[in-house]
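First the structure, in the form of structure tokens, and then the observations on it.
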Ligand code: NA
Ligand code: NA
């Protein structure tokens with residue numbers, strides 16, 4: 001059950017990561033176009049601003065993918081010295097703390113969006129981008145990350161309670177079994 | 001306060017909580033215990049403004065560039081070609097690790113991406129050929145650090161940004177020290193392997209014809225370096241934009257080598273997102289920690305401390321070196337720079353030192369921080385690419401290279417022209 | 001009382017010569033030690049430029065000062081504090097700022113939950129060009145790096161093309177022709193070595209004066225007793241604001257001397273940039289564009305009430321009316 005949930009979330013977030021990656025690729029193309037156009041004496045304008053937004057959104061929405069791929073760096077000097085039950089405890093504890101922090105961030109991200117809604121804020125640039133357009137998806141990305149953390153935490157917790165320690169590690173361990181870069 | 005923070009940092013890291021999350025926790029801790037102001041109220045703004053950065057978008061671009069080179073097979077070919085040329089040395093393939101890292105440093109702006117690239121292509125070889133995992137993986141971790149010394153370099157972009165000094169000049173200044181450091185890594189490898197041959201594995205020689213044929217596999221990387229650096233020095237692109245140029249170049253090279261497929265593309269993209277998010281969680285956590293530390297008066301504490309020492313300019317530099325070594329154990333490199341530059345650089349420049357020169361000295365010290373535990377990103381990147389073995393092996397293996405970097409730092413202090421000769425000569 | 005104070009750019013003269021001495025020595029001494037100050041700067045805290053006042057409003061710190069223009073994302077009406085080209089001397093700029101003060105007070109109270117305590121100037125934002133320019137008309141078709149929204153709009157209206165380049169990348173961008181001109185404070189341009197990569201200096205305040213607003217969190221301010229409020233406001237006015245303004249004109253003259261070699265440079269070696277004197281008719285034309293295009297656009301962004309208020313205060317002082 002837990003493993004099936006995690007598997008579904010992994011597929012879902014791989015899709016999200018592909019979208020994020022495609023966004024970064026478009027951003028690179030945008031920057032390149034600007035460089036080329038400058039050679040011909042004109043310019044798209046605002047690439048720096050848009051690149052900043054792209055980075056903020058890519059970061060927010062990519063976090064959950066990295067989490068599910070067990071990609072957030074952890075130090076396992078102690079963890080690697082104990083048996084599978086101990087490792088499972090390390091993993092669950094780490095996930096609980098992580099969820100707490102990410103939920104806090106998501107909650108504190110709301111005032112940023114709220115302010116740009118309330119003030120109708122527009123970027124301090126010639127583009128005058130309405131900041132709601134970027135703050136809203138950014139906020140949603142952190143909420144998504146918080147949600148994913150909580151689900152992973154619950155799954156890991158449930159596995160530990162049922163004594164399936166090795167499976168906990170596949171859900172919330174320190175390293176992915178199959179490293180991506182291969 | 002620095003003491004408390006260090007102890008808490010070590011404790012939380014030992015519990016194997018993700019590094020980025022630990023930085024946030026420390027920030028919360030300082031808010032509660034070290035400051036009378038409700039700093040956590042600023043958390044959302046800090047997360048937004050530290051990730052809304054056109055400078056940092058160079059990170060995913062450089063990572064993507066590396067991913068494309070790896071997945072299209074270009075990296076493997078480069079590694080094999082360099083293997084032909086350097087594996088006759090005592091230490092064998094370990095030299096190929098350093099040489100490949102040096103070459104990829106010239107196309108990559110990030111040490112993490114460089115180490116990841118080299119680790120990916122080199123690790124399978126180590127297992128096949130029976131190398132001592134310590135020295136072999138240590139050389140990758142250390143060689144990877146050259147990514148921020150040899151241009152292009154994200155960290156030099158950030159340094160130039162924060163100190164308002166010229167980024168192209170910094171890039172020029174990093175070139176010779178970077179190459180010298182690469183050479184020094186190879187020399188130290190030879191020395192180690194002459195003393196203890198069992199660490200190095202077999203030395204291999206190849207016929208000259210094979211060596212010459214291998215040269216063609218180095219062309220793509222050299223072209224890519226020319227493209228990225230050329231775009232900057234021809235004035236076509238800013239150093240950050242040049243990363244996008246590099247992505248396009250890598251893509252074209254991959255197309256020519258026939259390594260482009262739908263699978264390769266999707267894996268490169270998801271791989272980039274994974275590595276970028278991993279780095280960014282740490283960068284954002286570091287920015288928040290930095291914000292709380294600054295609010296709680298770390299800057300004042302440091303400045304007062306340094307002034308109370310009443311140092312000569314040379315003494316000041318020695319203390320600064322010591323400071324970076326100590327802080328470098330615990331603080332992630334980009335945050336280490338961001339935290340210290342506003343405090344340290346004015347002092348150093350005020351003492352009569354050149355701001356470009358100090359940038360290069362700082363990069364050497366930051367490179368050390370990348371391979372010193374407990375917080376040394378390159379160690380984890382290399383460990384992440386390994387199938388077995390503990391992190392301790394990578395740490396031990398990196399130690400000799402760490403000492404080499406320290407020697408390089410002192411060489412820079414004794415002979416500033418190692419860094420300054422090239423930018424001055426080209427002016 | 002301990003006040004946590006976030007200063008403006010730590011490397012610039014306004015902070016080093018006025019802010020830092022005022023907050024760390026003058027005010028604590030004047031209060032007989034009753035007020036203690038913890039001083040840092042927004043760049044030392046690596047705060048986002050747009051976050052400085054919003055965080056002040058949330059009470060993250062007690063006092064903050066930075067360029068008002070950084071906050072216009074949340075308050076477009078604030079652009080009216082620092083309109084380019086309407087104030088040529090420090091005295092005129094001060095008159096403009098004084099006229100705008102009631103507006104600024106209201107904006108900070110409404111938008112940032114903050115009490116404005118002082119407004120001091122950065123040196124005016126002038127134009128560095130690596131291109132032969134003799135008149136404002138020559139800017140047409142050039143790529144120019146602007147700082148701030150109204151300046152960018154004005155440059156666009158003058159036929160130039162705005163390019164976004166961060167401050168540290170400007171020298172390289174000028175040298176390689178990524179941009180032809182760039183706008184910044186004369187002093188910042190001098191100390192950052194822009195004279196190495198540009199030839200012509202147009203010393204008109206095309207970027208305005210970059211007013212630096214010192215403000216205190218409103219709840220914190222209301223929590224102080226009347227005597228303390230009076231002490232802080234009075235000391236700030238006489239020891240900080242007046243002093244900073246008094247030196248502003250001399251600083252501009254000195255910075256221009258340092259960049260062009262016309263006159264005596266006390267800050268270091270004088271450089272040899274060509275000083276471009278803008279003719280009266282040229283200037284009148286730019287003002288005309290400002291009044292006919294740029295300001296009405298601003299009035300639309302900010303809302304008509306603000307335009308009317310601006311006309312009655314700042315507009316009267318500088319002799320400009322938004323139609
Ligand atoms: Na590099
Ligand atoms: Na370290």
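Cβ from N, Cα, C; glycine included.
Quick caveat, the model's predicted, so the values are computed rather than measured.
Here the transmembrane segment (B:7-30) has Cβ contacts under 8 Å with residues 1, 39-40, 43, 278, 281-282, 284-286, 288-289, 291-293, 296, 330, 332, 335, 374-375 of the same chain, all six or more residues outside its ends. The transmembrane segment annotation in TrEMBL covers B:7-30 (among others).
The domain 'TRAP C4-dicarboxylate transport system permease DctM subunit' annotation in TrEMBL covers B:7-417.
The transmembrane segment annotation in TrEMBL covers B:50-70 (among others).
Proximity of distant same-chain residues to the transmembrane segment (B:135-158), defined by a Cβ-Cβ separation under 8 Å and at least 6 residues beyond the stretch ends, is recorded for 55-56, 58-59, 62, 91, 93-94, 97-98, 100-102, 104-116, 118-119, 122-123, 126, 167, 170-172, 174-175, 177-179, 181-182, 185, 189, 192-193, 199-201, 228-229, 232, 239-240, 242-243, 246, 333-334, 337-338, 359-360, 363-364, 366-368, 370-371, 376, 378-379, 381-383, 386, 393-402, 404-405. As annotated by TrEMBL, transmembrane segment applies to B:135-158 (among others).
Residues annotated as transmembrane segment in TrEMBL: B:170-195 (among others).
Under the heading transmembrane segment, TrEMBL lists B:215-236 (among others).
As annotated by TrEMBL, transmembrane segment applies to B:242-265 (among others).
Per TrEMBL, transmembrane segment is recorded for B:277-298 (among others). Using a Cβ-Cβ cut-off under 8 Å and counting only residues 6 or more beyond its ends in the same chain, the transmembrane segment (B:277-298) has close neighbours at 1-2, 5, 18-24, 26-27, 30-31, 34-35, 37, 39, 42-43, 46-47, 50-51, 56, 59, 110, 112, 331-332, 334-335, 338-339, 377.
Residues or ranges marked as transmembrane segment by TrEMBL: B:310-327 (among others). Here the transmembrane segment (B:310-327) has Cβ contacts under 8 Å with residues 336, 339-340, 344, 347-348, 351-353, 361-362, 365-366, 368-369, 372, 406, 409, 413 of the same chain, all six or more residues outside its ends.
The transmembrane segment annotation in TrEMBL covers B:334-353 (among others). Residues 23, 154-155, 158-159, 162-163, 282-283, 286-287, 289-290, 293-294, 298-299, 302-303, 306, 313, 316-317, 320, 323-324, 327-328, 362, 366, 369 of the same chain, all 6+ positions outside the transmembrane segment (B:334-353), place their C-beta atoms under 8 angstroms from a C-beta of that stretch.
Among the features that TrEMBL reports, transmembrane segment is placed at B:359-382 (among others). Under 8 Å from some Cβ of the transmembrane segment (B:359-382) lie the Cβ atoms of residues 9-10, 13-14, 19, 111-112, 115-116, 119, 137-138, 140-142, 144-146, 148-149, 153, 155-156, 159-160, 163, 165, 170, 173-174, 177, 181, 279, 282, 317, 321, 324-325, 327-333, 336-337, 341, 391, 394-395, 398, 401-402, 405-406, 408-409, 412-413, 419, all in the same chain and six or more residues away from its ends.
Taken from TrEMBL, the feature transmembrane segment covers B:394-422 (among others).
Distant neighbours of the transmembrane segment (B:170-195): 86, 89-92, 94-95, 98-99, 101-102, 105, 135, 139, 142-143, 146, 149-153, 156, 159-160, 229, 232, 239, 356-357, 359-360, 363-364, 367, 400-401, 403-405, 407-408, 411-412, 418-423, 426; these residues of the same chain sit at least 6 beyond its ends, with a Cβ under 8 Å from one of its Cβ atoms. Ranked by Cβ pairs under 8 Å to the transmembrane segment (B:50-70), the stretches B:215-236, B:242-265, B:394-422 are led by B:242-265. Across the domain 'TRAP C4-dicarboxylate transport system permease DctM subunit' (B:7-417), the prediction's mean pLDDT works out to 86. Remote same-chain residues near the transmembrane segment (B:394-422) are listed as 132-139, 141-143, 145, 172-177, 180-181, 184-185, 188, 192, 317, 321, 325, 354, 356-357, 360-361, 364-365, 367-368, 371-373, 376, 378-379, 382-383, 386 (criterion: CB distance under 8 Å, separation of at least six residues from the stretch ends).
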